[in-house]
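Taken from TrEMBL, the feature active site, proton donor covers 169. According to TrEMBL, the feature active site, nucleophile maps to 254.
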Ligand SMILES: NC(=O)NCCC[C@H](N)C(=O)O
């Protein structure tokens, strides 16, 4: 089989090139800081290189340069098994981002379910096996959770709503290690008792990991002490500098959508 034959269907990721208007994106829980747009472009490329360098095939969603926050592609779609759920982002400014993401997922053959009733951002969804935690916060409302639950339950997902008042998105506060341990930065976690296993991290950026497979975890350079702690748990941190995206309240999770399953029905 040639080396560049069909990519491994369990290691594909959507990405979306940053808009030149990134600095005009939304900022809610932190003060706005100046953005170096050239550095942001270089950091985005570094993030993409970290995915590809760890065996992931990246698929670029058509850019949405009129949408400052479109690089945060995770918020527009949630994958569950082989189905794509296109979200209805909680901020009006971000709603136009979904069309391009939906088109990319349809082109890849995924059945697409589109949310219309309530609002939900992909960043508010933390999947651990069939358990799906959803943050009820500033971007995701009760109607969005109900609609999302109605879509996921027939697919085998158990949606658990959790309170979120101290961070933009649930995954700004907590993510999960491959073994299912939820990690979080306590000052922005509303209630760690929602999770069966919770481990505090010493830095806010240390609460965010992307599971690259084979024990490798993508993490931000802003959290060196957390990376040491993760390494001490037997994982290998893969560190990328995403400072310009962190200034816009982004983190490592939100810059990609991992497609771990083949399209359902295929
Ligand atoms: N999932 C994420 O954490 N997305 C980050 C979105 C940041 C963007 N500036 C926003 O406020 O929507």
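The count begins at 1 with the first shown residue.
Each residue, glycine too, has its Cβ placed from N, Cα and C.
The structure displayed is predicted, hence computed values, not measured ones.
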Counting other Cβ atoms within 10 Å of each Cβ, which of the active-site residues 169, 254 scores lowest?
254
For the residue listed as 'active site, proton donor' and the residue listed as 'active site, nucleophile', determine the Cα separation and express it in whole Å.
10
